Amino acid sequence: MTTGLLQGKKGLITGIANNMSISWAIAQLAKKHGAELWFTYQSGVLEKRVKPLAKEIGCNFVSELDVTKPKSISNLFDDIKEKWGSFDFLLHGMAFADKNELKGRYVDTSLENFHNSLHISCYSLLELSRSAEALMHNGGSIVTLTYYGAEKVIPNYNVMGVAKAALEASIKYLANDMGENNIRVNAISAGPIKTLASSAIGDFSTMLKSHAATAPLKRNTTQEDVGGAAVYLFSELSKGVTGEIHYVDCGYNIMGSTKL
């Protein structure tokens with residue numbers, strides 16, 4: 001086992017859907033660095049996928065979490081308080097948009113989809129952070145996942161880009177609020193990665209090809225790339241870093257254009 005950047009730390013990992021999830025890659029590396037973990041799953045269907053993954057790396061705590069239901073959130077943190085007392089880091093890894101409205105024009109987004117997308121993808125970070133703050137007795141680190149579509153228009157991203165933009169603004173305000181308790185809040189802006197969530201994005205294979213061709217490192221981002229960045233942000237190595245968008249996209253975001 002890799003020793004210690006997170007030795008003795010406890011962390012809550014949300015957003016695992018299967019073994020291709022970015023949250024799963026982050027969890028694996030956090031465990032290798034000594035962390036004790038608590039997983040969540042969104043529904044009974046995902047429970048069947050998440051529990052075997054938890055068992056695979058010796059994660060003894062797995063709970064249901066539906067961020068659209070306040071009682072589900074309070075039940076989770078009551079359990080954490082009872083079992084752990086306190087904990088050290090939180091990964092906010094969930095996002096949602098109606099895949100049917102990721103096609104076509106953003107202007108045609110329905111009110112229901114806009115509300116659900118912003119609630120699950122952004123407001124849930126506030127709710128989880130508020131609950132986590134009360135249990136991060138010795139300070140802590142909160143990390144969420146974002147994407148370049150928050151800053152620039154990406155085809156077939158639509159309302160999710162707006163939700164990620166709101167998420168990125170939120171981390172700055174949360175970082176300001178929670179800094180007095182030595183809790184850091186940051187986001188990782190990862191390049192496009194093939195996951196269950198990304199399968200809802202139209203023409204995703206073209207996005208991957210374009211990213212690899214444009215990025216200075218001439219490849220696509222991997223789950224492991226993001227996992228390493230997350231471990232850094234969870235650990236004491238980043239104790240002076242908060243309110244930041246940390247790019248893990250092989251340099252794609254620095255490019256103004258491709259070679260002519």
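The backbone N, Cα and C atoms fix where each Cβ goes, glycine too.
Pulled from Swiss-Prot:
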ACT_SITE  Tyr147  active site, proton acceptor
ACT_SITE  Tyr157  active site, proton acceptor
BINDING   Gly15, Ser21, Ile22, Gln42, Asp66, Val67, Met94, Lys164, Ile193, Lys194, Thr195, Leu196, Ala197  NAD(+) binding site
BINDING   Ala97  substrate binding site
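Separation of the C-alpha atoms of Tyr157 (active site, proton acceptor) and Tyr147 (active site, proton acceptor): 10 Å, rounded to the nearest whole number.
If you draw a 10 Å sphere around the CB of Ile22 (NAD(+) binding site), it holds 28 other CB atoms from the protein chains shown. Under DSSP, Ile22 (NAD(+) binding site) is assigned to a helix (H, G or I) in the three-state scheme.
DSSP classifies Ala97 (substrate binding site) as coil under the three-state reduction. Cβ neighbour count for the residue listed as 'substrate binding site': 25 (other Cβ atoms within 10 Å of its Cβ, all protein chains included). Using a 10 Å radius centred on the Cβ of Gly15 (NAD(+) binding site) and all shown protein chains, the other Cβ atoms total 24. Taking a C-beta cut-off of under 8 angstroms and a sequence separation of 6 or more, Met94 (NAD(+) binding site) has the following same-chain neighbours: Thr14, Gly15, Gln42, Val67, Ile120, Ser121, Ser124.
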